[in-house]
């Protein structure tokens, strides 16, 4: 299927695109587009681990503001901008080098599905967790992350049904807000997040309200409208309602299971290990959504239940029934490590299969020699 995407965001069209068109000219033609995509992802990961090192439990900004050095925030702004730039030019570079492939599309969206949660998790360090006076509660963090991931899922669910990826307005806006937030934190200090901005509201409150507003009143209705329009024009890829809603089953069950764990955890797992738990949420989501992206690209049907919902259901049941006892944190740690390894393994396998099938290398523009 031919890749088609629509971008109507004024920020993107009038401000960012002209910048990317300038940057792309300095990229050497021998560089593979996937290398750009991957480099951006590695920068996001590196930055996330750097912040985690200084602020494992999301309390650094709230309790002792100097704990995270200023250069870390400025470095975060830099890596976020680079990742944003690389993610925005990889497709242009592929067209420029005439190397657009389904592998590139999958690589780009697959890594995006993981990066989305990592961006959010890094940002939580800026606003820090609730310490009674300022900050965001870990439950708000969980809901906030879920809304962002729900948004990401919607645009790919829409593409599954319409064949067109309508780029959400939230993407460019969120990247620019993130970079600005890091720059602000680096130059003024984390204290800025702990003083009321307007009418007793903090900047974080404003951002959360904006995010929820954007998601529920702009992105989601837009998705439904685009699907409805395709239905009217008779261009929908799936005739039946069942087929159309199928990709939503696994992500919604995933969210349901995770929420049950958060709410009924005997040891209050989210409060004890917010970083581990939220990382696990992001990886699980990425794995589920990658399957949807592959189905949508290959015009195949997604399975009703993603395999990994079964082990997750077992772990959640063991946790909330008290079977795990005081081992809940350890089990979460092991489960997260296994899940992350399984996700990386899955990505490597899919990449290999596609590169062999399409007769190309992932990180090089050279063609494979046919045996």
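Here the Cβ of each residue, glycine as well, is placed from N, Cα and C on the backbone.
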Can you dig out which of the ranges 70-86, 87-103, 104-120 TrEMBL describes as transmembrane segment? 70-86
Counting Cβ pairs closer than 8 Å to the transmembrane segment (276-294), the top stretch among 26-50, 138-157, 241-264, 306-325 is 138-157
